Amino acid sequence: MIRVLLSLMVLAVSGGGAFAATFTNKDSETQVIVVTEDGTPREVTIDAGQSVDICPAGCFVTMPLGDRETFLGSESVDILGGVAVID
Amino acid sequence: MVFSFARRLAGFLLLFALLQLPGLAIAQDAVTASDQPPAVAAAETALARSETRLSTLSEAVEDDAVDEAQLVELKVELDDLAQQMLEIGVSLRPVLSEIKARSTVLGDPPAEGAPAEAPETVAAREALAKERAQINALTGRAEAVSIRANRLGDMINERRKALFADTLTQRTPINGALFDQAASALSSEMRSFKSIVGSWVSFVWTFKFEALMASVFLSLLTGLFISMVGSRFIGRFINRDPANEAPSYLQRLTVAFWSAILPTAAVAAAFLAVLALMSAFSVLRDDITALLSAFSAAIIGLVLIARVAKGILAPRKPNWRLIRFTNRGARRIYHLILAMTLINAADFLLGKISSILGSPVIVTVVNSLVATILIGLILVGASRVKPMVGAAGDITAPGHAWPRWVQVALTVSGVGMVVLSLGGYVGLSKFISEQILLTGTILALIYIGFQSGHAVMEPGNFAQTRLGAKISRRFNPSAVRMDQIGLAAGLVIDVLVLIIGIPLILLQWGFRIQDIQLLLYRAVTNIQIGGISISLSGILIGLVLFIGLVVVTRLFQRWLDSTVMARSQMDPGVRNSIRTSIGYLGVVIAALFGVLAAGIDLSSLAIVAGALSLGIGFGLQNIVSNFVSGLILLAERPFKAGDWVQTGSTEGFVKRISVRATEIETFEKQSIIVPNSELINGTVGNWNHRNSLGRADVMVGAGYDADPEEVLRILEEIALAHPLVLRNPPPVVHFVDFGASSLDFVVKVFLADVLSQMAVKNDLRVAIYKRFKAEGIEIPFPKSDVNFTLKNVPDELLQQLAKSAGATGAKDSDEQDGPDAAKSSGGQPRRDAPEDGEADS
C-alpha cells in the first residue's frame, strides 16, 4: 500500500510539470480581472503585491481598464497601472 | 469696408484651412496605417470564418438526428475552434503591445484646467484609442466565440451522456417477430456483404491485378520477416524453458509479460503493414478498409487476451503458473476465457460489419443477444469451476471452489446478463460484458506489473535479472547496494505500471487525454482541505531539495576537510570542530529551504509550537543545555579529539565531541558518553591542553644505613641516563622523609609525551633496583622491633631461660631487668637495630 502511495508521489513530480500563467499585481491597490476559462467568465481579485497562478489551459482576461488579453498558460504577467505587461 | 473685411476674412479662413491640411494628412495616415498590420487583417478574416463555422456547428448540434460518432466529431471540431480563438487572441498581442508603447510615449492627457495640448497630439491620442478599441473588440469577438463553442461542447457532452444512458436502458422486446425480422435482415445483409466483397475482388482482379499481386506478395514478405525476427530475437523472452524445473516468480512474470505483449505487437505490426501496403497500392476501397480494420482489431484483441490468460494460467506448464490454481482448474478457466473472448470478438466484428453495410439495428441486437447469453452462461460455468488449491498444496488433485465473493460475483453477473438480455436490455448486457473483459484484462496486466515490481524488490532477486547482472558486471557494487538498486527498480516498475494502467482504464471508460491531464495537474498541485491547500508536488520538491542540499553540505564538508584544511597546519581538533559546525549549519539551511519550497505555511505551525513550547521547554531543558554546551566546547575548545582528559570520575581519551555528549575512551577501551553540560559545569583536567609535557614521579625508599647524598647522586644519574627524560626542565631528586622503615626519596622527571610515563617509570624503577643492588643499598621491608617483658616468672623458669639465652648468646640488659616492665613489647620501634643470633651483644 505504501509502495503504491510512493509511486503516486513520484508520479506527482511529472504531473507538476504543467504550470499555469502567473499574474502579479505591481500596483498599490487591489485589482480585479475577469478571467474567461473554459467558456465561463469569473472575477479574480489580486491584492497589491500578490501573485496568483491561474489558467493552466489558456484563457481570455479583461483587465481593469478594459484591455482584453489572451493567454496560453505559460506567461508571467505584471499588472502595472491597470495594464498588463507580459514578460 | 464690409467688402474688404469679407475678403480679409476669406483669406484668413483660406490660410487657416491650408494650415490644417498637414494635420489632416497626419490624422489620415494614422488611421490608414493602423489598418495595415497583417496580424489584424488576418485575425479579422479568421474570426469571420470561425463565426460562420460556429453557427453551422451549432445547428448540427441542435439537430436531433446526429448519432454518437458524429457528436464526437463535432466536439473535436468545437475544441479546435476554441483553441483557434486563443491563438487569434495571442496573435493580436504584439499589436496591442505596440499601441500601449505608443500611448506611453504620448504620455497622460493634461489634467483639468491645464492648457490644452497641440491638436496633433489630440488627434494622435484619439487615433490610438480607436485602434486600441478595435483590437479589444476583435479579442472580444474571439472570446465570445470561445464561450459559445464551450457551451456547445457542454451540450454535446450532455447529449452523449443521454444517448449512452438510452443505449443502456433501451429495451427491445424479445419475441418471435424480432427473430423473423432479424432473419430476413440477416439474409439481406449476407447478400450485400457477398456482393460488396465480390465486386471489390472482381474489380481489383480485373483492373489492378499487378498492384494486388504486388501488395499481396509484399504483405506475405512482411509477415515472414516479422515472424522470423520475432522467433529469433524475442523467442528467448517468451519461450518457457522446459529444462527449468522451478523458475523463480520473477522469471515467470517476465516470460508471462513478454509473451503477452510481444506476439500481440507482432500481429498488430503485421496487420498494419498489410493495410498500409494495400492502401499504398490503392487496392482498397473505403468500406473494404473499414472491414479489414475491424477484422484486424478483433484478431489483435483476441491474441492479446489469449496470451495474457495463457501467461497467468499456464495450463500445460504448472511450473510457470503465476497464480495458485490446480491443473484442471487452470485448464478449464483458460478455455472459458478463450471462449468468452472469441464470442466477444465475433460479436464486435459482426457489429462492425453490420454498421459498415448499413444493416438495420435489429441485426446487431440479435447478434448481441446471442453473444451476451452465451457469455452469461460461460460466467455461470466459471463460477462452478473449482480451481483453488487445497490445503495440501497438491495441484494435480481436484481443487476447491472459489472464495465466496468471487463465486457470487461470477454467478450474479452471468445470470444477470442472461436475464437482462432475455428481458430485452441487450445494450446494457453487452456493455457489461465488454467492460468485464477489457477492464479485467487491464487489471490483470496491472496485477502482473505490480507482482514484477514486488519480485524485483525481494533481496537478491535483482542481481539475477538481465539488467541487474549487467550492472553488477560494470560497477561491481556490494550486495547491499544491489538490493537497494533492486528496491529502486521495483519502485520504478510500480510507477510505470500506474502511469500506463490507470489512464488506459480511464480512457476505456470514456475520459479523454486532456481530462486526465487536467485531473492529474489539479490533484498534484492543489488539494484543498477546508482552508488549507496542500501541494503534493511542492512537498516532493521540498523533500528533494532538502536531501540535495544535505548531500551538497556533506560534499562541501569533505572537500573543505581534505583540500583546504589539510593544507593549513591546523590540528585535527580544530578541523573536527569546523567540520561539525559546517555540517549543522548546512542541515539547518537545507531544512529551511525544503520547508519554503514545500510551500508549507509556517504560521499555523508557529501557533502550535507556541502552545507546546512550555512543556517542550521544560522537557528539553537538559538536552538544550547539553547542545549549547556542545557548541561552547566546539568554540572554546578546552579539549579536542585525541586529548587525555580527566573529568570527575572518568579518565581517558576524547574520541568524539558531538551535539549532546562527548565520547571518552578509557584505557580499558570502554567508551564513556559524558553529557556536555557536565564537562562545561565541572572541572576537566586535560593533559594535552597546551602541550603534551608531563611529570613522572617515582618514590623509592633506601635503607637507614645508606648515605643519603650518595643515594641522591645515584638517583639523579639514573634519571638523566634515561633517553626519554628531558634535560630541560631537568630531573629533580629529593630526600623527602624519614620513613617508618626506610629513607624516602622521590625522583621527579619531565617527559616530552606524558603518555609515555608508565614506560619511563617502569624503566627507572628497574634501573634503580639494579643499581641499588650493585651498590649494596638496601630497599627495606617495613621493619618493627619486638620486645619481650617477663613478670612474676618462677626462678626455675628464669634459670632455664638464662641458660638457653646464654647458649644462644643473646644477652641483653633487658633480660636482667626481668620484673621491670620498662620496655613495652610489640610495635614500638627501636632506634638500634636488634640483631638475633649475634654472638657479642
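Note: Cβ is positioned from N, Cα and C throughout, glycine not excepted.
A TrEMBL annotation is a machine prediction, not a hand-curated record.
Since the structure is predicted, the reported quantities are computational estimates derived from the model, not experimental observations.
What TrEMBL says about this one:
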| type | residues | note |
| --- | --- | --- |
| SIGNAL | B:1-27 | signal peptide |
| TRANSMEM | B:211-234 | transmembrane segment |
| TRANSMEM | B:255-284 | transmembrane segment |
| TRANSMEM | B:290-313 | transmembrane segment |
| TRANSMEM | B:333-350 | transmembrane segment |
| TRANSMEM | B:356-380 | transmembrane segment |
| TRANSMEM | B:405-426 | transmembrane segment |
| TRANSMEM | B:432-450 | transmembrane segment |
| TRANSMEM | B:485-509 | transmembrane segment |
| TRANSMEM | B:529-556 | transmembrane segment |
| TRANSMEM | B:577-600 | transmembrane segment |
| TRANSMEM | B:606-634 | transmembrane segment |
| DOMAIN | B:622-689 | domain 'Mechanosensitive ion channel MscS' |
| DOMAIN | B:699-779 | domain 'Mechanosensitive ion channel MscS C-terminal' |
| REGION | B:801-841 | region 'Disordered' |
Positions whose Cβ lies under 8 angstroms from the transmembrane segment (B:606-634), at least six residues beyond its ends: 577, 580-581, 657-662, 675-677, 679-681
Contact set, same chain, for the transmembrane segment (B:255-284): CB under 8 Å, 6 or more residues outside the stretch: 204, 208, 211-212, 214-215, 218-219, 222-223, 226-227, 230, 234, 237-240, 247, 292-293, 296, 299-300, 303-304, 307-308, 310-312, 314, 320, 322, 445, 448-449, 452
Among B:211-234, B:333-350, B:405-426, B:432-450, stretch most in contact with the transmembrane segment (B:356-380) (C-beta, under 8 angstroms): B:405-426
Candidate ranges B:211-234, B:290-313, B:333-350, B:405-426, B:432-450 - greatest C-beta contact count to the transmembrane segment (B:485-509) (under 8 angstroms): B:432-450
Distal contacts, the transmembrane segment (B:432-450) - CB-CB under 8 A, six or more residues away: 253, 256-257, 260, 304-305, 308, 311-312, 322, 340-341, 344, 371-372, 375-376, 379, 413, 416-417, 420, 493-494, 496-498, 501, 504-505, 508
PLDDT averaged over every residue in the domain 'Mechanosensitive ion channel MscS C-terminal' (B:699-779): 91
Three-state composition of the domain 'Mechanosensitive ion channel MscS' (B:622-689), taking helix and strand from DSSP: 21 helix, 22 strand, 25 coil
Tally of residues which DSSP labels helix, strand or coil - the domain 'Mechanosensitive ion channel MscS C-terminal' (B:699-779): 36 helix, 21 strand, 24 coil
